[in-house]
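Pulled from Swiss-Prot:
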type     : residues                             : note
MOD_RES  : Thr5                                 : phosphothreonine
MOD_RES  : Thr7                                 : phosphothreonine
BINDING  : Asn51, Asp93, Lys112, Phe138, Arg401 : ATP binding site
MOD_RES  : Lys58                                : N6-acetyllysine
MOD_RES  : Lys84                                : N6-acetyllysine
REGION   : 225-279                              : region 'Disordered'
COMPBIAS : 230-246                              : compositional bias 'Acidic residues'
COMPBIAS : 256-269                              : compositional bias 'Acidic residues'
MOD_RES  : Ser263                               : phosphoserine
REGION   : 285-621                              : region 'Interaction with FNIP2 and TSC1'
MOD_RES  : Lys444                               : N6-acetyllysine
MOD_RES  : Ser454                               : phosphoserine
MOD_RES  : Lys459                               : N6-acetyllysine
MOD_RES  : Ser477                               : phosphoserine
MOD_RES  : Lys490                               : N6-acetyllysine
MOD_RES  : Lys586                               : N6-acetyllysine
MOD_RES  : Cys599                               : S-nitrosocysteine
REGION   : 629-732                              : region 'Interaction with NR1D1'
REGION   : 701-733                              : region 'Disordered'
MOTIF    : 724-733                              : motif 'TPR repeat-binding'
REGION   : 729-733                              : region 'Essential for interaction with SMYD3, TSC1 and STIP1/HOP'
Amino acid sequence: MPEETQTQDQPMEEEEVETFAFQAEIAQLMSLIINTFYSNKEIFLRELISNSSDALDKIRYESLTDPSKLDSGKELHINLIPSKQDRTLTIVDTGIGMTKADLINNLGTIAKSGTKAFMEALQAGADISMIGQFGVGFYSAYLVAEKVTVITKHNDDEQYAWESSAGGSFTVRTDTGEPMGRGTKVILHLKEDQTEYLEERRIKEIVKKHSQFIGYPITLFVEKERDKEVSDDEAEEKEEKEEEKEKEEKESDDKPEIEDVGSDEEEEEKKDGDKKKKKKIKEKYIDQEELNKTKPIWTRNPDDITNEEYGEFYKSLTNDWEEHLAVKHFSVEGQLEFRALLFVPRRAPFDLFENRKKKNNIKLYVRRVFIMDNCEELIPEYLNFIRGVVDSEDLPLNISREMLQQSKILKVIRKNLVKKCLELFTELAEDKENYKKFYEQFSKNIKLGIHEDSQNRKKLSELLRYYTSASGDEMVSLKDYCTRMKENQKHIYFITGETKDQVANSAFVERLRKHGLEVIYMIEPIDEYCVQQLKEFEGKTLVSVTKEGLELPEDEEEKKKQEEKKTKFENLCKIMKDILEKKVEKVVVSNRLVTSPCCIVTSTYGWTANMERIMKAQALRDNSTMGYMAAKKHLEINPDHSIIETLRQKAEADKNDKSVKDLVILLYETALLSSGFSLEDPQTHANRIYRMIKLGLGIDEDDPTVDDTSAAVTEEMPPLEGDDDTSRMEEVD
């Protein structure tokens, strides 16, 4: 084996090298990692830092019951040491370390339960970045390394070295190198084309992206050069003394790490010789920079955090150029422990409701280790605009998506997040200006919530805002509407439509406005779905003014008059129903019209005109539903209108008057249009109107037209409803 020949050059006193074969599934996984192209190789560093963090968690946990466990090293930290000369990247932690048995079992001979599952997921097209969720994150090192060396020291064992170039086997030997005290050092011998991971900028970028909120300091050691100005001999001597002192301190503090990067003694001697001649010299030094100084903001006390800090964190989290609109920072303790920080952005993303869109934008951490940012079970889809982090103390670090779906802990977290989001919106509603901005961007989400979330429907309904017939240019809540209701008013009246002007001028609101009853204008397509679920508010039923059975507050006298009108027009209603046949379910005398002659209303459980329009616009609509949901139309006539009164007299004078049919059909089609419906055959309706115009202008149907070509067109025009239809139109006066 190449590993063994390598180790034969080692000093004689070293113990014999043992070679082990990788367990079959692990060998297969490594081969898959090495031989497949992955674009996001950078995740190897996240996995190794997470492993270090786990090891540090373990020793910290053990030290709680036995403080002497930390005698081998009190400081808990992670160091990253890139070396361009050796083409190695070293990750050192002062965690619990591994015994010889741990090394052999954990890194090669015993497959984790997730190994096979992860390989299957990979072959099915899963992202390599999921590797940590299957407990095999260590092997991601081979995405960038041709050889990996692991040196480790556990309190209960000697220091050992594990090494493998992934050729199906690995070696383990006692390590006689620099004593570690306690912990693990992973040395990655990088592939030739992966040297970007030795660049200071690249390492910082990856740590910031993936491991910014690890609970232990991550320090990057970089060898740098600096210019040194020398003014005269005295200053030179003074500087030399200071340098020696600094060098001694550094050697005593960071000996192992500095040796990893490479000793600088020769260079220092060389410099000492050059210094006398030059005024300006170059000096090498090891720069140490802590990369995750920002303690996870969500672990701090909310009282100690300024709005600016929240703003900076929000921008770094979301890459948004604007400040957030609102923030909610809270922790839950008791049987379950987690912290969360939630933000409402100022504007909705342009692809908020796209299917391919991530279902949520909340990052899930487990004990400060980032797990995933697309956990669908964390928050309902209607809140997918909320940004933030959730950090759980109870979820296992190697949790998979399947486990998350079943997790009871996650269900409790989700319930709390929804509750806190609604609290946040309610707080936001107290500030009219900010709530207006919020509502403009996210009202659809609130309405979608009412449609989907039955548990929180009541709270969500309090967040709704609408224009009404009495609100002018200001949107009001349902609560405001209820405070303005008339004494004998039992219902909340609303109308759905396309625009505010269209619904305000609708025939349906005439009588209500005359009576001084306020009508809510619902002018977004989603309102139709929302109101199907929102049956009532504070004990008051929501009633559509475009549907049958509209009850208006009436006194006894009004009721009596209405009954008389019904009797008077009963015969006309019957005649109209016979003419319209299946087009309408029934024709009745209306109590909602004032200036319009008639209108089309729908049955209580059928679609409104607006809903029918929306459904017809669906590309993937179900035509079978269209049939029974859209067919229930009722024609209501206004008994006080001169057109209806004259039509009644005409029908009663001569039951066989052929012009009555055309007038009824014309009235029906016009009512369809004014009530918001579309015509099935607009051309026939147009021809009917043109004939009426001709009659109005006194033009005889048989008169030749001015232009021969247009005469030809007239001749070719199809009859309206058979030949007898034409003769009836001619009889219209």
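Heads up, the Cβ atoms here are built off N, Cα and C, so glycines get one too.
Small disclaimer: the values here were computed from a predicted structure and weren't measured.
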Mean pLDDT across the region 'Interaction with FNIP2 and TSC1' (285-621) comes out at 86
Provide, as an integer number of angstrom, the distance between the C-alpha atoms of Phe138 (ATP binding site) and Ser454 (phosphoserine). 44
Does DSSP give Lys112 (ATP binding site) helix, strand or coil? coil
Considering Cα atoms only, can you say which of Lys58, Lys444, Ser454, Lys459, Lys586 is the nearest neighbour of Asp93 (ATP binding site) among these modified residues? Lys58
What's the number of neighbouring CB atoms sitting within 10 A of the CB on Cys599 (S-nitrosocysteine)? 24
Tally every other Cβ atom lying within 10 Å of the Cβ atom of Lys586 (N6-acetyllysine). 15
In sequence order, which residues at least six apart in the same chain have a CB under 8 Å from the CB of Ser454 (phosphoserine)? Gln533
Need the DSSP three-state call for Asp93 (ATP binding site) to compare against my parser. strand
As a whole number of Å, the Cα atom of Lys459 (N6-acetyllysine) is distant from the Cα atom of Ser477 (phosphoserine) by 12
Candidates Asn51, Lys112, Ser477 (recorded positions) - the one closest to the residue listed as 'S-nitrosocysteine' by CA: Ser477
By CA distance, which of the recorded positions (Lys58, Lys112, Lys444, Lys490, Lys586) lies nearest to Ser477 (phosphoserine)? Lys444
Helix, strand or coil at Lys490 (N6-acetyllysine), per DSSP? coil
